[in-house]
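A.B. asks: Per Swiss-Prot, the features are:
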type	residues	note
BINDING	G195, S196, P197, G198, T199, G200, K201, T202	ATP binding site
COMPBIAS	614-625	compositional bias 'Basic and acidic residues'
TOPO_DOM	1-7	topological domain 'Cytoplasmic'
TOPO_DOM	124-638	topological domain 'Cytoplasmic'
TRANSMEM	8-28	transmembrane segment
TRANSMEM	103-123	transmembrane segment
Amino acid sequence: MRSTYKTIGLWVILIVLFVAFYNFFSQGNDQVQEPSFTQLLTKVEEKKVQEVAVKGNTYSGKFTDTSEKFRTTGPAPDAAMLNQLRSNGVDVKYEREEQNSLWLTILGQWMPVVFLFLFFIFFMRQLQGGSGKAMTFGKSKAKLLSESHNKVTFADVAGADECKEELEEIVAFLKDPKKFTKLGGRIPKGVLMMGSPGTGKTLLARAVAGEAGVPFFSISGSDFVEMFVGVGASRVRDLFEQGKKNAPCIIFIDEIDAVGRHRGAGLGGGHDEREQTLNQLLVEMDGFESNDGVILIAATNRPDVLDPALQRPGRFDRRIVVPRPDVKGRLGVLKVHTRRVPLAPEVDLEVIARGTPGMTGADLENLVNESALMAARQNKERVDLSDFEAAKDKVFMGPERRSMIMTEKEKKNTAVHEAGHALLAKLLPGCDPLHKVTIIPRGQALGVTWSLPTEDKVNGYKKQMLDQISMAMGGRIAEELMFNEMSSGAANDIERATETARAMVCRWGMSEKMGPLAFGKSDGEVFLGRDFNSSKDYSEDTARQIDAEVRNIVVGCYERGKNLLTENIEALRRVSDALVEYETLDAEDVNILLQGGQLTRERPPPRVNAPPKATEKKDKRKILDALEGLPAMEPKKA
């Protein structure tokens, strides 16, 4: 409230000063002549003076011919002068002479300076967020989190048990340090959490803040860098000064790769503001001055670009990898996020956990949220299994685009393409089990064939790779067999098949001709601090052999898939016809069709393309009529 009154008062003062400033400088803007006293008397004799106001020795008035004002000084008026003025028809007025106040004179002279000074102070206060300090660019932007602010505990974290144990030990050290120091141990100075986006690194840090019971400072890595040189290093110093004053405490830096990338490499030059900030951070973490009681926790999903000096023991003593959750972890995450969601009795979270391999904690939270939104959209009291299935389809494959207009030819081609993928997924043993196939456009795809593994996979095997390449080419093969034509819809399939084959040859040593060798190195992104001058470690002849081997693998898988689909051409036709009729088939539907059965479930409502409007038909007819009357264009002569 006091801040509001101060702001209102400051605005009132500024407005008053502005009005006074304007009035002061607006005085005398009218055109006023200053003739000599002799010239004034001549004008009087010529009867060109309308009126004269006498104020001491000052004569002011207005001319008759030009209506312009004048002001001049002369001797004190006497009787002869007054008679001369009256005889020439001049209206004479007397005005009392006033003494100017000294304070008014000083105010008029110093008012512009005071106004500019107050305006500058007001501008700086607004620029600095009203902190009242002249310059606060070098101050840390770390936020001190209170215990009651969105409190998260380790009970809210699931799917990362080993990471929780490491961080719980940090919390235990802060609560009872003697338990560890009596045996000569010391508290870790820093903890670096690494993992894919969405695995729960920031959530773990929030859990530490809720459990530690000590001051917790939170800041982002990008908050250190500004356009002013030296600001980042100053903010690092200020951050650790705050930490020392509040020790024991925890400092959390999110996305530390924004400030902790490799030094002295990349296209950005050898020395810049980020490197200066990083150098100061290295000194503060482990320099001559000790930071006892200040624990630094950082999170990043790009550990490969961090500077080696930042990751050494003494700065980050512990490096915790936060992985994607397995089946058990996904079940725990689902239980955490469904605590406030009413579930139908048939919903089995363990089944959902098994059907969502590769999903992170953030993905699962989004899945639960989408399921709840879909149930609410249909006015349901509880979230049932169909809502989870629909949400899973939306998260994995993208939202449906039922309004997209497709011709019958495009629809049939898409059905044949997806039927080729689905049929090879059922026939090849190395492919993941088929889950669903649809020709409803989703995301950027016209159709989707979705396979789900039955368990989490750690390694890939050669036979599986070859089967996956054959399945990826199944869409192109089916188009060739059914229509004797090729479309551009297989572009992404061909790209994935080629990438897999090249990785088999160059990275995994799965080529019999090239042997168990690795060819080439990953150059990395030069802007991320990687080496700019990197070269191939093999000859041009070897490169030609690699290209030939990649081609042999892809073409061999193509021919294998073509033979399988040729042998099962009737099954391919049944699946494609069912896709045209039903638009979406699950694994059970495909099994029925492969066994020669017929589907008996209800058909979806047809998607009818909207007919053109009458006005559109008239406009098109006018254009065609106009074109018929034009002469044919002749080719230009060279």
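Glycine is treated like the rest: Cβ placed from N, Cα and C.
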A.B. asks: Taking the centroid of the Cβ atoms of G195, S196, P197, G198, T199, G200, K201, T202 as the ATP site, which other residues of that chain lie with their Cβ within 8 Å of it, listed in sequence order?
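C.D. replies: After dropping the recorded site residues, what remains is A299, N301, V322, T360, G361, A362.
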A.B. asks: Among G195, P197, G200, all listed as binding-site residues, which has the most CB atoms within 10 Å of its CB?
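C.D. replies: That would be G200, with the most Cβ atoms nearby.
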A.B. asks: Hey, what's the Cβ neighbour count for G198 (ATP binding site) at 10 Å?
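C.D. replies: Excluding its own Cβ, G198 (ATP binding site) sees 19 Cβ atoms within 10 Å.
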A.B. asks: If H, G and I count as helix, E and B as strand, and all else as coil, what does DSSP give for T202 (ATP binding site)?
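C.D. replies: Note: T202 (ATP binding site) is helical by DSSP.
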A.B. asks: Summarise the model's confidence over the topological domain 'Cytoplasmic' (124-638) as a mean pLDDT value.
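C.D. replies: Here the mean pLDDT over the topological domain 'Cytoplasmic' (124-638) amounts to 81.
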A.B. asks: Does DSSP put G195 (ATP binding site) in a helix, in a strand, or in coil?
C.D. replies: strand
A.B. asks: Looking only at S196, T202, the binding-site residues on record, which one has the least crowded Cβ, with the fewest other Cβ atoms within 10 Å?
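C.D. replies: Comparing Cβ neighbour counts within 10 Å for the binding-site residues S196, T202 gives S196.
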A.B. asks: How many neighbouring Cβ atoms, not counting its own, are there within 10 Å of the Cβ of K201 (ATP binding site)?
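C.D. replies: Its Cβ has 26 other Cβ atoms within 10 Å.
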